[in-house]
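Annotated in Swiss-Prot:
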ACT_SITE  Asp86  active site, proton acceptor
COMPBIAS  1-15  compositional bias 'Basic and acidic residues'
REGION    1-22  region 'Disordered'
SITE      Arg28  site 'Important for substrate specificity'
SITE      Thr87  site 'Important for substrate specificity'
SITE      Gln170  site 'Important for substrate specificity'
Amino acid sequence: MTHGDNRDGPGRETRSSGPLVLASASPRRVDLLAQIGLVPDAIDPADLDETPAADELPRPYAERVARAKALAVAPRHPGAWVLAGDTVVARGRRILPKAEDAKTAKTCLEMLSGARHRVIGAIALVTPEGRLIERSVVSQVAFKRLSAAEIAEYLAGDEWRGKAGGYAIQGRAAAFVRWLEGSHSNVVGLPLFETNALLAGTGYRPGRDG
């Protein structure tokens, strides 16, 4: 596989035919792609039931959801590169939910306090030829022990809302992290090195206007 250093330099302005479609409504993934010079031509999130199956393990679950997103959206965009991702926070074999309310976020933070957890990032790409390519990445994160006051103060904001595991490492929760092993961007929402390499390896080249 080739890695994405072909984006460097002013002379490389061509792109293989076909647009890039992001099968996600996550603003974090849009921002992360922008960091490496990738701007989707379209954003078309998949509407899926993302409930884990009984006894489904975290990594296979993340891979299944990313794959399902890409395959659901690809038929709507023939001739495009369709990129999908899924991020899962796991403590042991347990998949932590996306926190949609403060009670859920509090439960997640209490579970993560003083402990190590995994963040699994799965990406799936459907090429213009209809080929499905998948990758998954695991980052290890260790939180310091959180006091009740620290948790309450964090929950008083809203950056936890909608986040897997009830926290956003790119925000105030960065102060909770004792150490991190692996991809930081994966913990934010998309493993950029692997995403860039996957796209470059299939012939995608970002276009540039002007």
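Using N, Cα and C of the backbone, Cβ positions are placed for all residues, glycine too.
Features recorded in Swiss-Prot, as mapped to the structure shown.
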| residue | record | CB count, 10 Å |
| --- | --- | --- |
| Arg28 | site 'Important for substrate specificity' | 18 |
| Asp86 | active site, proton acceptor | 26 |
| Thr87 | site 'Important for substrate specificity' | 27 |
| Gln170 | site 'Important for substrate specificity' | 17 |
Measuring Cα to Cα, tell me the gap between Gln170 (site 'Important for substrate specificity') and Arg28 (site 'Important for substrate specificity') in whole angstrom. 10
Rounded Cα separation (Å) that holds between Arg28 (site 'Important for substrate specificity') and Thr87 (site 'Important for substrate specificity'): 11
So, three-state DSSP: helix, strand or coil for Thr87 (site 'Important for substrate specificity')? strand
Would you identify the secondary structure of Gln170 (site 'Important for substrate specificity') according to DSSP, in three states? coil
Collapsed DSSP category at Arg28 (site 'Important for substrate specificity'): helix
